[in-house]
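Listed in TrEMBL for this protein:
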type	residues	note
TRANSMEM	101-119	transmembrane segment
TRANSMEM	125-148	transmembrane segment
TRANSMEM	160-178	transmembrane segment
TRANSMEM	184-204	transmembrane segment
TRANSMEM	279-300	transmembrane segment
TRANSMEM	306-327	transmembrane segment
TRANSMEM	348-365	transmembrane segment
TRANSMEM	377-402	transmembrane segment
TRANSMEM	414-433	transmembrane segment
TRANSMEM	445-465	transmembrane segment
Amino acid sequence: MGLWILEPKKRWDDHHVPGTAFMGAGGVADLTAVAGELDPNLKYDLTGNVPIVLIPQPSDDPNDPLNWPLWERDLITFILCLVSVMLIAHKPRPYPRPKHLLLLIVSSVWGGLASSYKSFLWARIIQGVAVCPFETLVNISVGEMYPVHKLGKRMALSNFSLFGGAFLTPVIVGKITGELGWQWSFYLISIFTGVLLPLVILWVPETSYNRSAHCNTTSSDQDNLVYPTVGQRHSFVKRMALFNGRKTSESPLKLFLRPIAVIFHPAVMWGMLTQGTMIGWTVMIGVVLAFVLTFPPLAFSEVETGYMYTGAFIGALVGLALTGPLADWSAKFLTKRNKGIYEPEFRLFLVIPQMLTGCLGLYMFGISTHNIPKYGWIWPDVFFMLEVMGMTMGAVTSALYLVDAYPDIAIESFTCLLLFKNFFSFALTWQAFNWVLTLGPRKLFIYVGSVQIAVCALTLPMYFFGKIIRDFMHRHDFLQMLGLGIEKPKRDARVGGQLGPAIELDETGSTNGKQGRSI
């Protein structure tokens, strides 16, 4: 049992729990081993003061996203985040593949030109069709390009762009609506999307890669790492192709049904609650703000109400600044304390700052908005900022844990998170106004804050029993039992009884084509 994470009682033949991985040779002293003591069959990140085993292990294929130059991966991440921020104003958000962006451009122009409610409604429906994959696939794309120890800051940035940008756009859109008219909020989206479209076409390739099972790099697999033969990387033109084939031969119906079954996965249910409730409370706060600020004694205008989201944007920014470095640092620190063994449950410690900032923000937002003449507008905005800090931390925590612990169902997991968040937020906006009238802001948010504490408390059993759950779900694959399993890449066979070559890393963390010991 490492750091109070309970071990499964029954182990299978290879003594390996998926998600558990060997990141270092031992304790702190062992992690500073000299190059000659490193395992020649493993690949390391040698850019820091200590060598870190790459999790997952990259293949020897230069087309593997884990082998792309770090600057290229970061550029792709930046473009994805930039598109997220620019297009966040309309709530439905597009996924950068060009066909989705083109559809969004057309539907946004249509929305601005709509002369009737029916026409406007159909424009929004088409926008929804264009943008629905985005929130799920951006986190997946980022997760596929980086090893565990480099993922935290990038995942924090992508989640900030997905959720935090939503709090900057009301400030801008409110001003645009007041000065130019609401139609220009649609027109500007079309313009920004058109500017970003060439960047997406030229610099955002497919990041999905069918990596062999041995790349999980568990301690039991270290003597069995065999890599494919090194080839040539695809040409720039081929990498930028709009379609490069399906990554699975499974039927679309099976792929459609898999997220429905995954909803009942314990870790996914935890993720839906951890991320979805905080996002839902944030949406409800927006409804309460509109109610409190636009009526006396404040009687804010539409533009002034939009300015109130400045605090929320600052909260998302601070949440990003804290969560990204903290996620990577805590994973490395706890791995060292655990004698070099990484457990995905180490990510769950981020729920502590989420609970402290988010729940404090919820409680105090209700108290301050209940007595606006006493507290004015500044304190509700400050506590809105704290709540959004917690929301950002919760979104990053759930995304990191699911990517690290259950990469095989990551797409289905994020689909479930998206569905729960949207349905829960819709339900809250449907009832929030009546709840404010019936209970008042103070009592309402005391209830809400208490519910959020209970949700955060669910992380304790997830931490203690998370490894047991991973073990059980691996040995009892319920998707296979339901006939919804998909074919996984097979372990590479040994060639002549020899292990394949390891790859050195250059100063950027990418492969440099050399073979032999990883130093």
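Positions of Cβ are set from backbone N, Cα and C atoms, glycine also.
Contact between the transmembrane segment (184-204) and the transmembrane segment (279-300) is absent: fewer than three CB pairs lie under 8 Å, with pairs separated by 6 or more positions in sequence.
Same-chain neighbours of the transmembrane segment (306-327): 151-157, 159-160, 163-165, 167-168, 170-175, 282, 289, 293, 300, 347, 350, 353, 357, 361, 377, 380-382, 384-393, 396-397, 400, counting only residues six or more beyond its ends whose CB sits under 8 Å from a CB of the stretch. Counting only same-chain residues 6+ beyond the ends of the transmembrane segment (348-365), those with a CB under 8 A from a CB of the stretch are 274, 278, 281, 285, 315, 319, 322-323, 326-327, 330, 334, 379-380, 383-391, 393-394, 396-397, 400-401, 441, 445-446, 448-449, 452-453, 456, 459, 462-463, 466.
With a cut-off of 8 Å between Cβ atoms, the residues of this chain six or more beyond the transmembrane segment (125-148) that come close are 21, 23, 45, 54-56, 65-66, 68, 73, 76-77, 80, 84, 87, 90, 92-96, 100-101, 103-104, 106-108, 110-111, 154-155, 158-159, 161-162, 207-209, 331, 342, 399, 403-404, 407, 410-411, 414-415, 417-418. Counting Cβ pairs closer than 8 Å and at least 6 residues apart in sequence, the transmembrane segment (377-402) and the transmembrane segment (160-178) reach three or more and so form a contact. The stretch from 160-178, 279-300, 445-465 with the most CB pairs below 8 A to the transmembrane segment (414-433) is 279-300.
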